[in-house]
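Marked as transmembrane segment by TrEMBL: 6-30, 51-71, 91-109, 129-149, 190-208, 232-255, 267-287. As annotated by TrEMBL, domain 'G-protein coupled receptors family 1 profile' applies to 20-284.
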Amino acid sequence: MLGLTEGVFLVLIVTEFVLGNLVNGFIGLVNGSHWFKSKKISLSDFIITSLALFRIILLWIIFIDGLIIAFSYHSHDSGIKMQVIDVLWTFTNHFSIWLVSCLGVFYCLKIASFSHPTFLWFKWRASRVVVGMLWGALLLSCVCTMSLMNEFKIYSVLGGSRGTSNMTEYFRLKTNEYNLMHVLGNLWKIPPLIVSLAAYFLLLLSLGKHTKQMQQYSTGSRDWSTEAHKRAIRIIFSFLFLFLLYFLCFLILSFSRFLPSTKTVRMIGVVIAMSYLVGDSFILIMCNNKLKQTFVAMLPCECGHLKPGSKGSFAS
């Protein structure tokens with residue numbers, strides 16, 4: 001019998017699951033149809049489309065994991081299903097995080113303006129740098145997934161020792177080792193976090209400096225441009241907030257095994273993770289001219305006029 005907590009949890013994850021699939025499916029459909037018609041796709045559109053597809057897969061994985069937590073929590077960390085979910089979740093999540101980092105680096109190199117020789121070197125080779133990052137991200141995601149095999153070996157030992165007499169101390173040590181390995185797995189997420197923070201910090205610094213310059217020499221015709229830059233800064237802050245919230249979610253899920261109310265903590269982590277996949281994808285639509293125009297055109301009433309190519313959006 002499900003309690004009130006499980007009922008609220010199920011309503012939240014079902015809602016987020018449906019919204020997440022609609023939002024990310026919209027991104028994939030719009031960019032995919034444009035790719036099919038024009039026979040070419042920009043690097044930013046390719047990253048955004050790949051991100052949307054991986055997020056759809058991730059939504060399904062997290063949703064299934066959430067259902068297991070709600071209906072069969074006692075068997076959540078046991079059996080082959082745990083291993084399959086862990087492998088799929090680890091790869092799709094890690095590569096998705098790197099895709100976000102690559103997108104941040106691409107926007108930074110294309111939009112930010114600095115006179116430092118190192119930055120200019122990267123800026124002139126923006127596409128090659130980001131493509132190299134994508135290949136590196138794929139390789140690191142595979143290595144990160146392979147590292148789970150050590151966890152599964154420990155888990156097999158746990159399963160074998162559980163029914164053996166006089167193995168209490170050994171079982172406890174192996175359990176702690178397994179939990180520690182699971183927590184240390186989050187270290188793989190630190191490099192893309194650092195890359196994203198650095199890219200968005202430089203982008204905020206450049207936009208902030210440019211906004212101040214425009215405010216000093218502002219005229220009536222430049223007010224709109226200043227507001228566009230301020231809007232871009234707010235968008236970047238939204239990206240950063242949701243990105244950090246997502247990392248917080250994985251810390252919660254990892255350390256939940258050390259907390260007394262594990263089930264409740266894991267349910268909170270699942271809700272936060274799915275909220276990020278919905279919210280961040282919606283922001284991607286709002287800050288991309290092509291996606292935003294298509295989205296507004298689908299609305300029953302036009303709520304405003306779009307200005308194509310504005311600096312308030314990260315145009316493709």
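Glycine residues also receive a Cβ, built from the backbone N, Cα and C atoms like all the rest.
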Closest-packing stretch to the transmembrane segment (232-255), where packing means Cβ pairs under 8 Å, from 6-30, 91-109, 129-149, 190-208, 267-287: 267-287
Non-local residues, at least 6 beyond the ends, that sit with Cβ under 8 Å of the transmembrane segment (267-287): 5-6, 9, 12-13, 16-17, 19-20, 23-24, 26-27, 48, 51-52, 55, 58-59, 62-63, 65-66, 69-70, 100, 232, 235, 238-239, 242-243, 245-246, 248-250, 252-253, 256, 295, 313-314
Leading contact stretch, 6-30, 91-109, 190-208 vs the transmembrane segment (51-71) - CB distance under 8 Å: 6-30
Within the predicted model, mean pLDDT of the domain 'G-protein coupled receptors family 1 profile' (20-284): 80
